[in-house]
Amino acid sequence: MAAALSDPAAVAEGQEPLLSPGGEEDSSRGVVESQEHYKSRWRSIWIMHLTMFLSSVGFSIVVMSVWPYLQKIDSTADASFLGWIIASYSIGQMVASPLFGLWSNYRPRREPLVVSTVISVAANCLYAYVHVPHSHNKYYMLIARALVGFGAGNVAVVRSYIAGATSLTERTSAMANTSACQAVGFILGPVFQTCFTLIGEEGVTWELVRLQLNMYTAPVLFGALLGVINIILIFAVFREHRVDDMGRQCRSINFEGEESGVLDQDAEGNIDQVAVVAVNFLFFVILFVFAVFETIATPLTMDMYSWTRKEAVLYNGIILGVVGVESVVVFMVVKTLSKKTGERAILHGGLLIVLVGFFILLPWGKKLPNIQWQEIKNNSIPRTTFSEMFMPFWSLQAMQLPSNHTAEPTGCPVSQSWCLNTPMIYLAQYISSDILIGLGYPVCNVMSYTLYSKILGPKPQVHFNQLKTGIFCTKNMCFRIEEQRCKPTLGKQFHRVTSLCNI
């Protein structure tokens with residue numbers, strides 16, 4: 001049976017600890033972990049990484065298209081309702097997280113993981129059919145997104161399992177990989193959406209099942225397929241394991257199977273409450289970074305740059321795709337760099353980079369965005385040139401085109417007062433900021449989770465991860481509802497985030 005001693009030299013080299021009964025002096029420190037057990041433990045951890053990735057993809061795969069799709073299926077929906085639709089994901093996750101966490105405390109974790117994934121698959125299928133009802137389509141979309149969020153309530157279960165199934169020397173790498181999977185899922189979701197824009201807005205319709213396969217529904221059906229694959233892997237591959245800081249096997253109430261020679265689970269002991277609060281606050285700040293882009297990017301670029309629905313989905317997807325590749329590289333570098341400089345120093349550097357990124361994104365110029373005159377009803381705003389004085393007339397003609405025309409109003413709606421007095425953000429600013437934030441966000445994300453898991457130690461972390469998930473959901477819910485209700489400029493949003501980063 002292949003095995004190796006978990007000695008200080010191996011730990012220093014960053015090797016994964018494989019414990020064996022090498023001698024009497026070591027028998028008090030460790031117990032046997034067979035090569036088969038080690039491989040099974042890490043296979044299960046990678047299944048959790050996949051679950052985290054799919055959970056993130058399930059949220060972000062429609063972020064860039066939810067606004068144009070909402071406009072397409074229900075003309076009564078406005079930007080305020082968009083805020084509720086996006087926030088419904090966080091509301092569902094906030095409700096489900098403690099339920100799944102409590103479930104996992106007393107039963108095998110496979111059960112809440114499978115149930116939550118099934119809910120996500122069903123919710124994605126519901127989202128693909130929200131166009132079918134003749135009225136109230138926006139409410140069906142709201143329900144579908146809330147259920148997707150409910151299914152994503154397994155995040156706390158995933159993180160607590162990974163923290164409990166790794167030794168102290170393994171935990172930084174494992175938590176970094178977990179954060180990488182989550183963040184890359186958030187970023188690559190819109191990339192998948194971009195690929196599906198090739199299908200077009202009309203796509204293909206199967207009348208027998210009343211299914212429209214287009215650029216809006218294909219991503220969620222793809223997400224449902226990934227969810228089914230995830231369920232199969234959880235049943236076929238996932239096995240529960242638990243080890244302490246030294247890599248020794250521990251008993252757990254939801255441990256499957258009888259193992260001999262395992263240690264009793266340690267008592268919870270004392271936890272640095274101040275450190276827990278501080279890291280949770282930092283986590284709240286860091287999440288604001290991504291919330292700006294996942295929520296406001298599509299509607300604001302449509303207003304700022306006069307992009308059509310399809311262009312906004314395509315271009316933002318390409319931008320986030322490039323940022324996603326950058327983030328993957330950053331995640332790999334951070335794991336190595338943290339061994340030399342420490343987590344806190346890297347976290348400070350990441351926050352500084354994010355701060356610079358938002359500073360660049362402030363509206364510095366004087367040029368105003370193009371105005372979408374289609375929103376004018378029975379009034380007009382004088383323009384400086386003769387040709388522009390007839391713009392309302394031309395817009396009225398565009399609105400009265402036959403149904404076989406595809407004219408789509410673009411620009412910043414005049415009903416939004418900020419369009420008339422707030423300078424636009426130049427595209428070069430937007431892209432430069434994306435690059436910097438794509439560098440700083442993954443650094444902050446990984447280091448905050450790594451510090452959190454090390455503060456809590458090998459003890460059961462479900463309750464603490466529920467707290468962290470609750471912070472995530474509360475931030476998302478409040479930010480999105482307020483942001484879409486007020487529809488402020490990016491500059492105002494970035495001032496808020498910058499202030500938090502300064503703190």
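Heads up, the Cβ atoms here are built off N, Cα and C, so glycines get one too.
The average pLDDT the prediction assigns to the domain 'Major facilitator superfamily (MFS) profile' (44-503) is 75. Annotation comment: TrEMBL describes 44-503 as domain 'Major facilitator superfamily (MFS) profile'.
Residues or ranges marked as region 'Disordered' in TrEMBL: 1-31.
Proximity of distant same-chain residues to the transmembrane segment (45-69), defined by a Cβ-Cβ separation under 8 Å and at least 6 residues beyond the stretch ends, is recorded for 79, 82, 85-86, 89, 113, 117, 120, 124, 127, 141, 145, 148-149, 151-152, 154-155, 158-159, 161-162, 165-166, 174, 177-178, 181-190, 192-194, 215-216, 219-220, 222-223, 226-227, 230, 233-234, 237-238, 294-295, 297-299, 302, 309-310, 312-313, 316-317, 320. Sequence annotations record features per position, and here TrEMBL assigns transmembrane segment to 45-69 (among others).
The transmembrane segment annotation in TrEMBL covers 81-101 (among others).
Under the heading transmembrane segment, TrEMBL lists 113-130 (among others).
Look at TrEMBL and you will find 142-162 (among others) tagged as transmembrane segment. Listed as Cβ neighbours of the transmembrane segment (142-162) (distance under 8 Å, sequence separation of 6 or more from its ends, same chain) are residues 44-45, 48-49, 51-52, 55, 58-59, 66, 81, 84-86, 88-97, 99-101, 104, 109, 112-113, 116-124, 126-127, 130, 174-175, 178, 182, 240, 449, 453, 460-462, 464-466, 468-469, 472-473.
Per TrEMBL, transmembrane segment is recorded for 183-200 (among others).
What TrEMBL records for 220-238 (among others) is transmembrane segment.
Feature annotation from TrEMBL assigns transmembrane segment to 274-293 (among others).
Residues or ranges marked as transmembrane segment in TrEMBL: 313-334 (among others).
The transmembrane segment feature in TrEMBL is assigned to 346-365 (among others).
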Two-stretch contact, the transmembrane segment (313-334) and the transmembrane segment (113-130), at least three Cβ pairs under 8 Å: no
